[in-house]
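Undergrad: I'd like to ask some things about the structure below.
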Amino acid sequence: MPSYTVTVATGSQWFAGTDDYIYLSLVGSAGCSEKHLLDKPFYNDFERGAVDSYDVTVDEELGEIQLVRIEKRKYWLHDDWYLKYLTLKTPYGDYIEFPCYRWITGEGEIVLRDGRARLARDDQIHILKQHRRKELETRQKQYRWMEWNPGFPLSIDAKCHKDLPRDIQFDSEKGVDFVLNYSKAMENLFINRFMHMFQSSWSDFADFEKIFVKISNTISERVMQRWQEDDMFGYQFLNGCNPVLIRRCTQLPEKLPVTTEMVECSLERELSLEQEVQQGNIFIVDFELLDGIDANKTDPCTLQFLAAPICLLYKNLANKIVPIAIQLKQIPGEENPIFLPSDAKYDWLLAKIWVRSSDFHVHQTITHLLRTHLVSEVFGIALYRQLPAVHPIFKLLVAHVRFTIAINTKAREQLICEYGLFDKANATGGGGHVQMVQRAMQDLTYTSLCFPEAIKARGMDSKEDIPYYFYRDDGLLVWEAIKTFTAEVVGIYYESDQVVQEDQELQDFVKDVYVYGMRGRKASGFPKSLKSREKLSEYLTVVIFTASAQHAAVNFGQLFLGMYPEEHFIEKPVKEAMARFRKNLEVIVSMIAERNKNKKLPYYYLSPDRIPNSVAI
């Protein structure tokens with residue numbers, strides 16, 4: 001009788017093992033086996049991190065194995081199990097790999113296909129077509145769209161984290177990590193003391209240092225020492241946590257009536273302000289988005305205020321960007337003066353503080369929350385709804401949406417909800433942050449997520465004219481590395497543009513993003529469909545770059561870009577493409593390290609060894 005060797009790998013995360021009964025059935029082209037209990041005498045099967053092997057003898061020839069069915073039945077209490085992968089050695093000596101990387105909960109079952117990535121057109125056998133269709137039908141019931149707030153991108157239909165499908169919930173250690181990091185952040189900010197400070201007047205600028213007491217790294221210490229200086233103020237617009245607002249000023253706006261006489265003490269080239277504009281030496285940051293946003297009124301004992309500044313900056317002869325004029329409101333007038341470096345020291349400093357405050361609100365709510373977290377969640381939900389696990393694009397992108405839906409759900413539970421942390425700690429809390437997202441959605445376009453085009457649209461693309469814009473330099477390197485990689489993967493599975501056009505699952509994925517994520521807004525420029533391999537490669541680059549590099553640049557740096565610990569792909573050409581991708585990223589790491597070596601204020605947020613694969617890793 002034919003005999004198969006089955007090898008089963010259990011996950012290494014907390015509580016991944018199980019004591020439940022595990023049964024296996026094999027479905028082949030010539031027949032289906034009976035259920036076999038996978039159990040070894042006097043041995044604790046399926047322990048956390050274990051790789052167990054079993055001999056399975058069947059009564060008759062099964063032909064080519066098409067599916068493997070894994071069933072879990074209760075032993076004593078329900079005991080969830082995380083199955084990494086399963087391999088099968090056939091009676092003829094062949095090895096078949098079945099990636100899984102999923103939880104089996106309750107008395108459940110999972111039906112697996114072998115690990116070869118397949119488009120729908122590649123499936124000609126009825127049972128495989130049926131499996132593909134049922135998987136998506138099940139997923140579309142689990143992953144439903146919901147409007148959390150009018151005007152927002154749609155999000156997952158779950159009130160809290162525990163309502164999410166088990167496969168996208170935080171693992172136990174990730175959940176603990178989230179709580180610890182949240183607590184650590186509160187500790188670092190001395191949040192209780194910090195908020196108490198807001199409820200009374202600050203008597204001295206030294207009070208700022210209390211915020212940094214427990215934050216200790218080269219950058220924070222350097223900023224703390226020099227935050228009052230104009231060149232540090234300008235530098236932060238280039239390489240700080242929100243380096244996406246500054247743009248070259250091509251024409252002085254009427255709402256900012258600055259004259260040459262007002263700023264001539266800042267101009268170093270003996271040119272008029274208009275001439276400096278024409279030569280490309282003037283830059284602008286406009287916080288118009290904040291105009292009219294309601295300030296936080298949740299605490300009746302604390303008055304909070306918002307500004308909507310316009311800041312004019314100048315590239316001096318040392319190629320440093322420095323502020324030369326600040327207007328705190330959008331409409332000019334006697335009660336809305338233009339502050340200048342020639343003003344009294346603390347008048348000018350206070351104007352810069354207001355700009356920094358506004359920058360914080362836009363950074364947290366728009367640059368970080370909307371344009372990385374919420375956008376990545378849209379890609380993630382659409383991915384699970386429209387692409388089966390066997391699809392090559394699912395295999396490529398799943399690592400880049402890992403835990404994204406979970407962390408966003410946690411944010412809606414604890415941070416941006418009514419009475420959440422935003423309401424307690426931010427001047428835009430109490431609904432202002434919601435208004436901001438609703439406004440910013442009008443400017444959220446596909447082009448603005450394409451890194452090179454976004455840089456060019458702001459007139460910030462010239463390395464010669466703006467030599468110290470490391471966010472741009474490093475971002476372009478990472479973008480090109482990702483695009484080269486995605487183009488290779490697309491080339492492996494799509495031999496022509498026509499194959500892209502005829503891939504209905506792919507087109508449904510793209511349509512879901514447009515209809516539900518972008519709310520069907522034509523002005524967003526998000527494609528409703530993809531017509532070519534080149535456009536598919538670009539689209540995938542947007543998804544990966546947004547979730548990894550862009551988030552790292554505006555939030556934090558860890559690791560993992562280019563690392564795919566879950567081996568969803570088994571094909572050699574893709575693994576080789578991944579290896580080349582990693583080598584390209586290693587070159588970028590070396591280049592950035594060399595540049596940073598002698599810098600007092602290094603920029604490393606976009607070094608690939610500090611970029612996480614997704615917004616939540």
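Each Cβ is built from the backbone N, Cα and C atoms, and glycine gets one as well.
Grabbed the feature section from TrEMBL, which reads as follows:
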DOMAIN    2-118  domain 'PLAT'
BINDING   Gly17, Asp79, Asp80  Ca(2+) 1 binding site
BINDING   Asp39  Ca(2+) 2 binding site
SITE      Trp103  site 'Essential for stabilizing binding to COTL1'
DOMAIN    118-564  domain 'Lipoxygenase'
DOMAIN    565-617  domain 'Lipoxygenase'
Undergrad: So which one is it: of the binding-site residues Asp39, Asp79, which has the fewest other Cβ atoms within 10 Å?
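TA: Counting other Cβ atoms within 10 Å of each of the binding-site residues Asp39, Asp79 gives the minimum at Asp39.
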Undergrad: In this predicted model, what is the average pLDDT of the domain 'PLAT' (2-118)?
TA: 90
Undergrad: For the C-alpha pair, I'd like the distance in angstrom between Asp39 (Ca(2+) 2 binding site) and Gly17 (Ca(2+) 1 binding site), rounded off.
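TA: Gly17 (Ca(2+) 1 binding site) has its Cα 14 Å from the Cα of Asp39 (Ca(2+) 2 binding site).
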Undergrad: For Asp79 (Ca(2+) 1 binding site) and Trp103 (site 'Essential for stabilizing binding to COTL1'), what Cα-Cα distance in Å is obtained after rounding to a whole number?
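TA: Here the two Cα atoms are 11 Å apart.
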Undergrad: So how many other Cβ atoms are close to Gly17 (Ca(2+) 1 binding site), meaning within 10 Å of its Cβ?
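TA: For Gly17 (Ca(2+) 1 binding site), the count of other Cβ atoms within 10 Å is 21.
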Undergrad: Would you list, in sequence order, the residues of this chain other than Gly17, Asp79, Asp80 that have their CB within 8 A of the centroid of the site's CB atoms, where the site is the one recorded for Ca(2+) 1?
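TA: Here the nearby residues are Phe15, Ala16, Thr18, Asp19, Asp20, Phe46, Trp81, Tyr82.
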Undergrad: When you measure from the Cβ of Trp103 (site 'Essential for stabilizing binding to COTL1'), how many other Cβ atoms are you left with inside 10 Å?
TA: 21
Undergrad: Could you give the number of helix, strand and coil residues in the domain 'PLAT' (2-118) as assigned by DSSP?
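TA: Going through the domain 'PLAT' (2-118) residue by residue, I get 0 helix, 59 strand, 58 coil.
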Undergrad: Rounded to a whole number, how many Å is the Cα of Asp80 (Ca(2+) 1 binding site) away from the Cα of Trp103 (site 'Essential for stabilizing binding to COTL1')?
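TA: Cα of Asp80 (Ca(2+) 1 binding site) to Cα of Trp103 (site 'Essential for stabilizing binding to COTL1') measures 7 Å after rounding.
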